[in-house]
């Protein structure tokens, strides 16, 4: 047995060795294709246009607006890629690239660039490449000709960015002219009044590294000042920051708060500044922000955007792909459970749409279909694998590789996807694809010995450039501040806390396995506000707790030819009219809302008024739809699932909940149908045009609880129960002479006779119990001699 176990371990080790080797070779081949295409078709242009097989030179291609502010005529892709060459052990190509950069790149161009993008891509690229070049030079076998040329270029660029900080607040302008600065009459910039939080708060790593490598403190001082301003301007009640801020007076322009676009790397740089520089102030600020994020924004597996001044209010129903970095940051923080949950959600979205759309709804539908080959999901996958040792994340990484090759690869590189729903390409390959994506993928499938540097000696910038942690001015012992929180003042040791335990991550992931409906159905519930804090209910393949118990409702079709025989299982709502308190439910004719999603003003209000509306799930919250339909005059609403094939037999019912705001203004009865049941209802409407339904709890549906033999007969009563106005006679007179009316009268009379007989029998049984023994014998024996209908004849024995 021992020998067998050893053999199995050996085979398992061989499998992983060859699997890793295959994946690394595949990733290197992809990198060669992308980088080689840039160098062949685009260099010295800033970027490659992979569909046109030529370089993108600013001013020679149609203007794309702010996107082009990344381009500064400084061979952006080359500089952004240099330290990737070292990580992938392409040291000859690295040395050649450094020579080209020193020889060809000029930074005094009369061009307006983004301060943020130029800092993270170009300054970070120069610094990372300098650190690598210096390391190789010290080893003695390469780069002996190198004399810190890249560092001198970085310092030159840093001085060209400094004019952006010439504001009253200390927050930088968002743009700068590389030759003329900001306020120069020739600069063509300096009129901007605001910037994003990430734009102002993502300078400290590069600027501090530049100061410490060059000996000039001015760069770090300006970056620290900008961080100080953002910290002081946080909302003190929630400890959150907004998305856009005025650079002159520090007032917030956009007060929505999240961890995605506009804010993302501000939080990242607080944590990483502590790791790089060893200054506790950054960690203290990060921990305060992080507590607020986990309280208001992180509702696993979702990451919401809320209002910074009122964080119990959600400000939008979609998420952007940039937040995919956050699970990786949570790994650095040591908070693995929510990292695993959010990462799994993102993975399910990629399985549904092939890539992460640029933005997707809280129901995981495409909001913006573009995919720019962003690396954030690969980044978090790398961190989670290193923290857990779970091979699952290797499979995730392999899926990223496979999809890039299948859906983004073109003859001249890799092309961004214009729309994940159609698979159409866009003629762009951003520099971050080479700077980040291939670093994280290669490192995911590499052991330490297979990388030419010790990766643990470096911190990744937001552009994945490598800065040495030795830049720290103090060697902190990473003390533990509180016994109950191992991470308050420490960088977590994954070897100690999460010792390669794949089952740890699996038990968390399994709850989100079918989150988007891929595989067996699994449906997230919208967000509701409970005691001032958002919560997300997720109905998984487990028995529900009492808190999650859902009372089934139905949509019962009652107009001819259905007559109540067609009953569709529906889910209830936590807001709107409580149908359990309506004795006979709510009846009405159904009409499709236009637009069908009911997320905007209703176009067919005349047809909808006084009817029950049909609306499609998605694109906005249920409460938004309900308000639109209520305003249009609807008397009820049936929401139909947009996920094709979902049904109540395979998918647990859930209760629709509000949008986090008060829903007391919504008085409509609301129910939810899965896709298959919804198709039955819409098909009935298309065929018969006028379909009446009842909305009510399942236990109160007409015919409920009766044996099948009686249901068909009794369901003809539906015409009476549902269409009467004041009394049965009124209804009968409206359908006088019809066959249904005559049958209805017959059934009604029979029901009345049977009910009266039951009442008299019950009365006699009560009399028997009260009589004396002799009287009971006499009365009961006399009763037994009568036929069931004898007491309905004339009373002949008074």
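Every residue, even glycine, has its Cβ placed from backbone N, Cα and C.
Positions annotated as active site, proton donor by TrEMBL: 117, 358. Residues or ranges marked as active site in TrEMBL: 264, 376. Among the features that TrEMBL reports, Ca(2+) binding site is placed at 462. Annotated domain 'PA' per TrEMBL: 586-679, in sequence order. Marked as region 'Disordered' by TrEMBL: 729-798.
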Response to the item:
Using a 10 Å radius on the Cβ of residue 358 (active site, proton donor), the other Cβ atoms enclosed count 21
Worksheet item: Using a Cβ-Cβ cut-off under 8 angstroms and a sequence gap of six or more, which residues of the chain neighbour residue 462 (Ca(2+) binding site)?
Response: 120, 202, 205, 264, 265, 268, 269, 325
Practice prompt. Do me a favour and check the Cα-Cα span between residue 376 (active site) and residue 358 (active site, proton donor); whole Å is fine.
Written response: 12
Fill in: C-alpha spacing of residue 117 (active site, proton donor) relative to residue 358 (active site, proton donor), in angstrom
18
Discussion item. Are there any residues at least 6 positions away along the chain from residue 117 (active site, proton donor) with a Cβ closer than 8 Å to its Cβ? List them or say none.
Written reply: 69, 70
Worksheet item: Averaged over the whole of the domain 'PA' (586-679), what is the pLDDT?
Response: 89
Discussion item. Based on DSSP, tally up the residues of the domain 'PA' (586-679) by helix, strand and coil.
Written reply: 19 helix, 22 strand, 53 coil
